[in-house]
Amino acid sequence: MAGGRLFTKRALRWVRSRAGRPCRGVTSVPARILRTRTLYEGWTEILGVRLQLEDGYEVGREVEDHGNAVAVLPYDPERRTAILVKLLRPPILISEGRTDLLECPAGMIEDEEPAETARREALEETGLRLRELEHAGRVWSSPGVSTERLDLYLASYAAADRVDRGGGAAGEHENIQVIELPLAELRRLIETKQVEDLKTLALLALLMLRKPNLFVTEASVTE
């Protein structure tokens, strides 16, 4: 399923058509969308939403909507390594004055299937031409404020799959640093609370759960 902004064009018309109707989720928390309006529109959109709760109380909320995204963790099962990236993240620079966040390749879904986005982003950012992708789940990135849903993938690779240097799409000035690390080292980083990116932590934990033997050193395996 291709992504895109949840509240843009057709979807926004649908949301507005629901004004005054009850909305129920899996946990059955009734609310009515009374009205929505666009507060800001640029690369992202900020929406003002007025809701009426079950007891009749009205609340206002701001919702950020920039579309859906994917994240993929490429790992080499033979050499027990994974490829991650570092790139400029302005919110982290503003918050902590640093740009050293280690994360897996990720990007926005355009007019394509999520799996195709994962392949494209991996090639652009890391130079890897991925083969089979394993869909690991679809999650909300930050449900308290954003509409973004994130498709998570695991993907094995071999040394021959590195067909380009990566670094980001031409013309976007991303200056992405590509880093290959042993999975055993990444396990140590998890245990010492040094993996700070949520999507990367989730994918590493999933891989560790499914293939724990990849996270030990070869010396440990042969002992």
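Including glycine, each Cβ sits where the backbone N, Cα and C put it.
Predicted automatically and left uncurated, TrEMBL annotations should be read as such.
Some features that TrEMBL has for this protein:
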type	residues	note
DOMAIN	65-205	domain 'Nudix hydrolase'
BINDING	Ala106, Glu121, Glu125, Glu174	Mg(2+) binding site
MOTIF	107-128	motif 'Nudix box'
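Projection of TrEMBL feature records onto the structure.
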residue: Ala106; record: Mg(2+) binding site; DSSP (3 states): strand
residue: Glu121; record: Mg(2+) binding site; DSSP (3 states): helix
residue: Glu174; record: Mg(2+) binding site; DSSP (3 states): coil
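Averaged over the motif 'Nudix box' (107-128), the predicted model reaches a pLDDT of 95.
Glu125 (Mg(2+) binding site) counts 27 other C-beta atoms within 10 Å of its own C-beta, drawing on all protein chains shown. Between the binding-site residues Glu121, Glu174, Glu121 has the most other Cβ atoms inside 10 Å of its own Cβ, all protein chains included.
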